[in-house]
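Straight from TrEMBL, the features:
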type: REGION; residues: 1-32; note: region 'Disordered'
type: TRANSMEM; residues: 100-116; note: transmembrane segment
type: TRANSMEM; residues: 155-177; note: transmembrane segment
type: TRANSMEM; residues: 222-246; note: transmembrane segment
type: TRANSMEM; residues: 258-283; note: transmembrane segment
type: TRANSMEM; residues: 310-330; note: transmembrane segment
type: TRANSMEM; residues: 339-356; note: transmembrane segment
type: TRANSMEM; residues: 362-379; note: transmembrane segment
type: TRANSMEM; residues: 400-419; note: transmembrane segment
Amino acid sequence: MSHRRRRNAAGPPPPEGIGGSSTAEASSTGEERPDLPWAWALGSERRVLALALAFRAANALLVRTYFNPDEHWQCLEVAHRIVFGYGHLTWEWKRGLRSYLHPFIFAALYKILSLLHLDSPWFMAMAPRLLQSVFASFGDLYLYKLSKLIFNNHVAQWALFSQLVNWFMFFCITRTLSNSMETVLTVTGLYYWFVAIESVKGNSVVSKQQAASKQSPPSRKMALLIAALACAIRPTSAITWLYVGLLDFIQMKSKSRFIFLEVVPLGVFVLAVTTFLDCWMYGSRIIVPLNFLKFNLFSSGGDYYGTHVFHWYFSQGFPSMIWTFLPFSISGILKSREWRLAGLIVWVLVVYSILGHKEFRFVLPVLPFMFMFSGHNLAAMAQLKGKGHNEKGRLSRLKLSVILLILTNVPMALYMSLYHQRGTEDAMLYLSREAHDGRVKSVLFLMPCHSTPYYSTLHYNLPMRFLDCTPSENKGTLDESDRFLMNPADFVGEVFGNLSSFSHIVLFESEERHVKLLLRNSFQEVRRFFHSHFKVDRDLQSSVVVYSQKSVL
């Protein structure tokens with residue numbers, strides 16, 4: 001992704017760091033340094049990392065809600081099965097659509113917890129998010145470093161501010177979704193890619209020596225290795241790296257060297273390692289990326305879970321994620337004229353728009369780059385403030401903007417992380433404690449499939465049953481989850497009879513009234529957990545209700 005360093009581009013000159021003035025120079029000119037109020041904490045990259053680690057750890061502890069099933073069912077549930085020998089594998093794992101690479105990271109965590117005898121319900125629920133918070137903090141660090149490299153230190157400070165304040169990043173980045181890991185790898189990989197461009201195009205002695213020996217910079221190999229890992233975790237990450245690679249490939253003098261001595265060896269190495277891992281775990285010869293792309297891209301298998309209109313990412317999805325930072329980011333794009341990075345964002349949104357099935361998390365990897373542009377715009381506003389372009393006695397545009405961004409993002413981040421859809425998480429933690437105390441024998445979940453965490457949170461090997469939603473090869477065939485929602489009472493009577501084989505039943509309040517007659521003789525409500533103030537999917541799932549057999553009580 002070719003670019004030139006934006007030292008003289010529209011926007012604020014860097015007050016320090018790469019290409020910027022030193023503190024002494026700023027003082028000698030009498031010019032005010034327009035740093036953030038907490039810029040003292042960002043004096044070095046170590047301090048940035050320390051700040052990010054502390055912030056994301058608190059972030060992880062504050063996320064107590066349910067967002068997407070994949071956080072549990074495609075990662076933690078698999079990791080739990082690897083370490084403890086029990087856990088549910090969804091249909092994707094039976095068809096070889098998922099790689100074990102990402103779950104293995106959390107399997108290592110579970111193994112450590114087990115060896116240290118720390119696998120209690122609380123640790124099992126919170127430790128994975130705390131581990132992900134460490135990865136997320138490195139994503140924050142590399143966003144700071146990338147912003148500093150492309151623009152300057154001052155822009156980097158405001159870009160970091162934007163990412164830490166944004167509600168969706170707070171809500172999503174510490175969750176154990178493969179998209180969260182993909183986001184961290186994308187930002188980190190792009191940093192090394194840009195470093196490689198600088199080292200090749202710069203006039204340093206090192207660059208001249210590399211050019212003379214026709215050696216590519218080590219940072220480019222690092223970028224390609226990280227890109228390969230991102231694609232191994234989520235094959236659709238290739239969409240991002242195809243754009244990045246092609247733009248610079250066109251301008252490369254030694255194209256064959258780049259392909260055959262860099263891309264192919266590193267790609268084959270990562271593919272070989274991940275394929276060996278997957279073949280070992282699946283017990284058969286399998287190439288997961290091919291199966292994944294065949295199902296999701298070539299056969300539109302993802303459409304089974306719902307489709308959206310073509311423009312959804314542009315009109316609803318991405319604007320909802322970036323929220324009130326949107327006008328600042330657009331202004332930053334126009335002021336910075338960093339068109340290729342802006343083009344990456346548009347490219348990813350357009351390609352994902354072609355696919356019928358759309359989700360917020362799919363485009364999470366390009367969200368940090370919007371914060372770079374937001375940081376550029378805020379830094380430009382701070383520069384004007386530093387030059388005295390504000391009226392005394394009135395709030396400056398910068399202060400008003402910061403107040404607006406905080407007031408519109410922080411409350412939303414806390415609400416979505418602490419309250420919206422928390423009932424299913426609370427219910428499973430409750431059942432886990434009850435199971436470890438010997439008061440749960442078996443559980444039936446009468447709710448849309450994958451609405452709760454499962455064995456990875458319960459952490460107790462007992463029979464459990466949920467409503468299946470495996471895609472049928474016959475179009476129009478309703479799965480158990482759909483059949484239950486259409487006629488709850490009839491479905492329960494037909495499939496489960498009198499429900500006597502289960503000691504506990506979990507369901508949403510919206511379906512409770514339909515099956516209450518079936519429960520009143522043998523079951524009694526034991527707990528009710530708040531879940532949501534607003535509609536989720538089809539109904540207002542205001543509460544999660546746990547029933548227990550009276551004989552168990």
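Each Cβ is built from the backbone N, Cα and C atoms, and glycine gets one as well.
Stretch with the most C-beta contacts under 8 angstroms to the transmembrane segment (100-116), considering only 155-177, 258-283, 310-330: 258-283. Annotation: stretch 400-419 has the most Cβ pairs under 8 Å to the transmembrane segment (155-177), among 258-283, 310-330, 339-356, 400-419.
Here the transmembrane segment (310-330) has long-range neighbours at 162, 166-168, 349, 352-354, 358-360, 363-364, 367, 370-371, 373-374, 377-378, 401, 404-405, 408-409, 412, meaning same-chain residues at least 6 beyond its ends whose C-beta is under 8 angstroms from one of its own.
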